[in-house]
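Enquirer: First the structure, then my questions, so here it is.
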Amino acid sequence: MRIALGIEYNGTNYFGWQRQREVKSVQEELEKALSVVANHPVEVQCAGRTDAGVHGTGQVVHFDTNVSRKMVAWTMGANANMPSDIAVRWAVEVNDDFHARFSATARRYRYIIFNHALRPGILNSGVSHYHGELDEKKMHEAGQYLLGENDFSSFRAAHCQSLSPCRNMMHLNVTRHGDYIVIDIKANAFVHHMVRNITGSLIKVGRGEEKPEWIKSLLEAKDRKLAGATAKAEGLYLVDVDYPEEFGLPRVPIGPLFLPDNLN
(Lines of atoms letter the chains of each structure in order from A and count residues from 1; the text may use other names and numbers.)
(Lines give C-alpha, C1' and ligand atoms only; values in the text may rest on other atoms or scores of the structure.)
Protein backbone atom coordinates (compact mmCIF):
# COMPACT_ATOMS: atom_id res chain seq x y z
CA MET A 1 0.00 0.00 0.00
CA ARG A 2 1.31 3.46 -0.91
CA ILE A 3 0.35 6.52 1.13
CA ALA A 4 0.85 10.18 0.17
CA LEU A 5 1.07 12.91 2.79
CA GLY A 6 0.98 16.70 2.72
CA ILE A 7 3.57 18.17 5.10
CA GLU A 8 3.99 21.61 6.69
CA TYR A 9 7.10 22.60 8.62
CA ASN A 10 9.09 25.47 10.07
CA GLY A 11 12.62 24.80 8.86
CA THR A 12 14.36 27.08 11.37
CA ASN A 13 15.62 24.35 13.67
CA TYR A 14 16.59 21.85 10.97
CA PHE A 15 19.56 21.31 8.68
CA GLY A 16 17.22 20.98 5.73
CA TRP A 17 14.75 18.34 4.63
CA GLN A 18 17.10 15.45 3.84
CA ARG A 19 18.15 12.96 6.48
CA GLN A 20 21.80 13.47 7.51
CA ARG A 21 24.12 12.00 10.08
CA GLU A 22 24.41 13.77 13.44
CA VAL A 23 22.15 16.73 12.57
CA LYS A 24 18.39 17.29 12.78
CA SER A 25 16.37 17.00 9.58
CA VAL A 26 12.66 17.22 8.80
CA GLN A 27 12.76 13.88 6.98
CA GLU A 28 14.20 12.05 9.98
CA GLU A 29 11.59 13.42 12.38
CA LEU A 30 8.76 12.51 10.00
CA GLU A 31 10.10 9.00 9.39
CA LYS A 32 10.49 8.34 13.12
CA ALA A 33 6.89 9.38 13.76
CA LEU A 34 5.48 7.34 10.87
CA SER A 35 7.49 4.31 11.99
CA VAL A 36 5.76 4.48 15.37
CA VAL A 37 2.33 4.53 13.71
CA ALA A 38 3.20 1.76 11.23
CA ASN A 39 5.10 -0.34 13.79
CA HIS A 40 7.82 -0.89 11.19
CA PRO A 41 10.61 1.30 9.71
CA VAL A 42 9.26 3.85 7.23
CA GLU A 43 11.25 5.69 4.57
CA VAL A 44 9.65 8.59 2.69
CA GLN A 45 10.29 10.11 -0.73
CA CYS A 46 9.64 13.85 -1.09
CA ALA A 47 8.66 16.21 -3.89
CA GLY A 48 11.53 18.61 -3.24
CA ARG A 49 14.43 18.74 -0.78
CA THR A 50 14.55 22.10 0.96
CA ASP A 51 17.73 23.58 2.43
CA ALA A 52 18.52 24.46 6.04
CA GLY A 53 16.18 27.15 7.36
CA VAL A 54 13.71 26.87 4.47
CA HIS A 55 10.06 26.24 5.34
CA GLY A 56 7.27 24.25 3.70
CA THR A 57 3.48 24.46 3.61
CA GLY A 58 3.01 22.25 0.55
CA GLN A 59 5.63 19.52 0.74
CA VAL A 60 4.38 16.13 -0.52
CA VAL A 61 5.84 12.74 0.37
CA HIS A 62 4.96 9.10 -0.17
CA PHE A 63 5.85 5.88 1.59
CA ASP A 64 4.98 2.20 1.35
CA THR A 65 3.52 0.08 4.13
CA ASN A 66 2.03 -3.37 4.54
CA VAL A 67 -0.19 -2.40 7.48
CA SER A 68 -3.78 -1.22 7.28
CA ARG A 69 -4.54 2.07 9.03
CA LYS A 70 -7.28 4.64 8.70
CA MET A 71 -6.00 7.85 7.10
CA VAL A 72 -6.66 9.72 10.34
CA ALA A 73 -4.14 7.43 12.04
CA TRP A 74 -1.40 8.62 9.70
CA THR A 75 -2.25 12.30 10.29
CA MET A 76 -3.11 12.38 13.99
CA GLY A 77 -0.70 9.60 14.90
CA ALA A 78 2.26 11.15 13.13
CA ASN A 79 1.51 14.62 14.52
CA ALA A 80 1.33 13.23 18.05
CA ASN A 81 4.86 11.85 17.68
CA MET A 82 6.57 14.81 15.98
CA PRO A 83 7.96 18.13 17.19
CA SER A 84 5.41 20.96 17.10
CA ASP A 85 7.16 22.66 14.15
CA ILE A 86 6.31 19.78 11.76
CA ALA A 87 2.77 18.69 10.89
CA VAL A 88 0.99 16.32 8.52
CA ARG A 89 -1.84 18.23 6.79
CA TRP A 90 -3.49 15.33 4.94
CA ALA A 91 -3.09 11.67 4.03
CA VAL A 92 -4.50 9.65 1.12
CA GLU A 93 -3.92 6.22 -0.35
CA VAL A 94 -2.48 6.41 -3.88
CA ASN A 95 -1.71 4.00 -6.69
CA ASP A 96 1.67 2.29 -6.70
CA ASP A 97 2.72 4.30 -9.77
CA PHE A 98 2.54 7.57 -7.82
CA HIS A 99 5.90 9.08 -6.87
CA ALA A 100 6.15 12.29 -4.85
CA ARG A 101 9.10 13.53 -6.90
CA PHE A 102 8.81 11.98 -10.34
CA SER A 103 5.03 12.34 -10.72
CA ALA A 104 5.18 16.08 -9.95
CA THR A 105 4.66 18.44 -12.88
CA ALA A 106 5.49 21.75 -11.14
CA ARG A 107 6.69 23.25 -7.86
CA ARG A 108 5.75 26.61 -6.41
CA TYR A 109 7.66 28.72 -3.90
CA ARG A 110 6.97 31.97 -2.09
CA TYR A 111 9.66 34.26 -0.73
CA ILE A 112 8.48 36.80 1.86
CA ILE A 113 10.39 40.01 2.55
CA PHE A 114 9.57 42.26 5.52
CA ASN A 115 10.41 45.64 4.00
CA HIS A 116 10.65 47.98 6.97
CA ALA A 117 13.30 50.11 8.66
CA LEU A 118 13.20 47.96 11.80
CA ARG A 119 13.49 44.20 12.05
CA PRO A 120 10.44 42.16 13.12
CA GLY A 121 10.12 40.53 16.52
CA ILE A 122 7.32 38.16 15.55
CA LEU A 123 7.89 35.86 12.56
CA ASN A 124 11.55 36.90 12.52
CA SER A 125 12.56 33.44 11.27
CA GLY A 126 9.61 33.24 8.88
CA VAL A 127 10.44 36.29 6.79
CA SER A 128 13.55 37.90 5.35
CA HIS A 129 14.13 41.47 6.56
CA TYR A 130 15.28 44.23 4.21
CA HIS A 131 15.39 47.75 5.69
CA GLY A 132 15.92 49.85 2.54
CA GLU A 133 13.29 50.96 0.04
CA LEU A 134 12.27 48.37 -2.54
CA ASP A 135 10.26 49.02 -5.70
CA GLU A 136 8.17 45.87 -6.04
CA LYS A 137 6.80 46.98 -9.43
CA LYS A 138 10.28 47.06 -10.95
CA MET A 139 11.04 43.73 -9.31
CA HIS A 140 7.94 42.25 -10.92
CA GLU A 141 8.86 43.75 -14.30
CA ALA A 142 12.33 42.25 -14.05
CA GLY A 143 10.95 38.85 -13.16
CA GLN A 144 8.99 38.61 -16.40
CA TYR A 145 12.26 38.17 -18.33
CA LEU A 146 12.65 34.79 -16.62
CA LEU A 147 9.40 33.28 -17.90
CA GLY A 148 9.44 30.28 -20.21
CA GLU A 149 12.11 27.69 -20.95
CA ASN A 150 15.53 29.10 -20.05
CA ASP A 151 19.06 28.20 -19.02
CA PHE A 152 19.28 29.30 -15.36
CA SER A 153 23.05 28.89 -14.97
CA SER A 154 23.32 32.45 -13.62
CA PHE A 155 20.97 31.51 -10.77
CA ARG A 156 22.36 28.07 -10.03
CA ALA A 157 24.48 27.17 -7.00
CA ALA A 158 28.08 26.24 -7.81
CA HIS A 159 27.66 22.79 -6.21
CA CYS A 160 24.31 22.04 -7.89
CA GLN A 161 24.13 18.38 -8.91
CA SER A 162 21.39 18.74 -11.52
CA LEU A 163 22.38 17.43 -14.94
CA SER A 164 20.82 20.41 -16.75
CA PRO A 165 20.43 24.10 -15.84
CA CYS A 166 17.33 24.44 -18.06
CA ARG A 167 13.94 24.91 -16.42
CA ASN A 168 10.49 26.11 -17.51
CA MET A 169 9.35 29.13 -15.46
CA MET A 170 5.54 29.26 -15.47
CA HIS A 171 4.98 32.41 -13.46
CA LEU A 172 6.87 34.92 -11.35
CA ASN A 173 4.82 37.56 -9.56
CA VAL A 174 6.01 40.20 -7.10
CA THR A 175 3.34 41.91 -4.99
CA ARG A 176 3.33 44.21 -1.97
CA HIS A 177 1.03 43.80 1.03
CA GLY A 178 1.78 46.68 3.39
CA ASP A 179 5.32 46.18 4.64
CA TYR A 180 5.52 42.69 3.14
CA ILE A 181 6.70 41.85 -0.37
CA VAL A 182 5.89 38.38 -1.71
CA ILE A 183 7.79 36.81 -4.61
CA ASP A 184 5.67 33.96 -5.97
CA ILE A 185 7.50 31.61 -8.36
CA LYS A 186 6.31 28.48 -10.16
CA ALA A 187 8.36 26.24 -12.46
CA ASN A 188 8.45 22.64 -13.58
CA ALA A 189 11.50 22.19 -11.32
CA PHE A 190 14.28 24.27 -9.77
CA VAL A 191 18.06 24.07 -9.73
CA HIS A 192 19.79 24.43 -6.36
CA HIS A 193 19.35 27.87 -4.75
CA MET A 194 17.46 29.07 -7.85
CA VAL A 195 14.69 30.91 -5.98
CA ARG A 196 17.07 32.53 -3.49
CA ASN A 197 19.51 33.58 -6.22
CA ILE A 198 16.70 35.05 -8.32
CA THR A 199 15.43 36.86 -5.23
CA GLY A 200 18.87 38.34 -4.52
CA SER A 201 19.01 39.69 -8.07
CA LEU A 202 15.46 41.08 -7.93
CA ILE A 203 16.36 42.92 -4.73
CA LYS A 204 19.19 44.68 -6.59
CA VAL A 205 16.60 45.84 -9.13
CA GLY A 206 14.16 46.81 -6.39
CA ARG A 207 16.64 49.08 -4.64
CA GLY A 208 17.62 50.78 -7.90
CA GLU A 209 21.10 49.34 -8.37
CA GLU A 210 20.11 47.69 -11.64
CA LYS A 211 17.38 48.18 -14.23
CA PRO A 212 14.78 45.45 -14.86
CA GLU A 213 16.45 44.60 -18.20
CA TRP A 214 19.55 43.52 -16.27
CA ILE A 215 17.81 40.25 -15.43
CA LYS A 216 17.60 39.44 -19.13
CA SER A 217 21.34 40.02 -19.51
CA LEU A 218 22.02 37.68 -16.59
CA LEU A 219 20.09 34.89 -18.28
CA GLU A 220 22.07 35.37 -21.48
CA ALA A 221 25.43 35.51 -19.65
CA LYS A 222 24.97 32.11 -17.93
CA ASP A 223 27.42 33.22 -15.24
CA ARG A 224 26.55 32.93 -11.53
CA LYS A 225 29.23 35.47 -10.59
CA LEU A 226 27.32 38.27 -12.34
CA ALA A 227 24.03 37.80 -10.47
CA GLY A 228 23.00 39.07 -7.04
CA ALA A 229 23.88 37.47 -3.71
CA THR A 230 21.93 34.45 -2.51
CA ALA A 231 18.97 35.66 -0.43
CA LYS A 232 18.59 34.33 3.11
CA ALA A 233 16.78 31.06 3.71
CA GLU A 234 14.37 32.44 6.32
CA GLY A 235 11.83 33.93 3.92
CA LEU A 236 11.49 30.94 1.59
CA TYR A 237 8.56 28.50 1.54
CA LEU A 238 7.77 25.51 -0.65
CA VAL A 239 4.03 26.15 -0.90
CA ASP A 240 2.64 23.83 -3.58
CA VAL A 241 3.41 20.88 -5.83
CA ASP A 242 1.33 20.06 -8.91
CA TYR A 243 0.36 16.52 -9.91
CA PRO A 244 -1.94 15.07 -12.58
CA GLU A 245 -5.56 15.03 -11.38
CA GLU A 246 -5.70 11.26 -11.80
CA PHE A 247 -3.83 10.83 -8.51
CA GLY A 248 -6.61 12.59 -6.60
CA LEU A 249 -4.46 14.49 -4.11
CA PRO A 250 -6.25 17.03 -1.86
CA ARG A 251 -6.08 20.75 -2.55
CA VAL A 252 -5.52 22.86 0.56
CA PRO A 253 -4.70 26.58 1.10
CA ILE A 254 -1.03 27.13 0.29
CA GLY A 255 -0.31 30.10 2.60
CA PRO A 256 1.84 30.58 4.48
CA LEU A 257 -0.51 31.77 7.21
CA PHE A 258 -3.28 34.00 5.88
CA LEU A 259 -1.87 34.65 2.41
CA PRO A 260 -4.46 33.73 -0.26
CA ASP A 261 -3.62 31.33 -3.09
CA ASN A 262 -3.99 34.14 -5.64
CA LEU A 263 -2.08 37.31 -4.75
CA ASN A 264 -2.70 39.20 -8.01
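The backbone N, Cα and C atoms fix where each Cβ goes, glycine too.
Not my notes, these are from Swiss-Prot:
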ACT_SITE  D51  active site, nucleophile
BINDING   Y109  substrate binding site
Enquirer: To the nearest Å, how far is the Cα of Y109 (substrate binding site) from the Cα of the residue listed as 'active site, nucleophile'?
Expert: 13
Enquirer: By a 10 A CB contact count over all chains shown, which of the recorded positions listed here is most packed: D51, Y109?
Expert: Y109
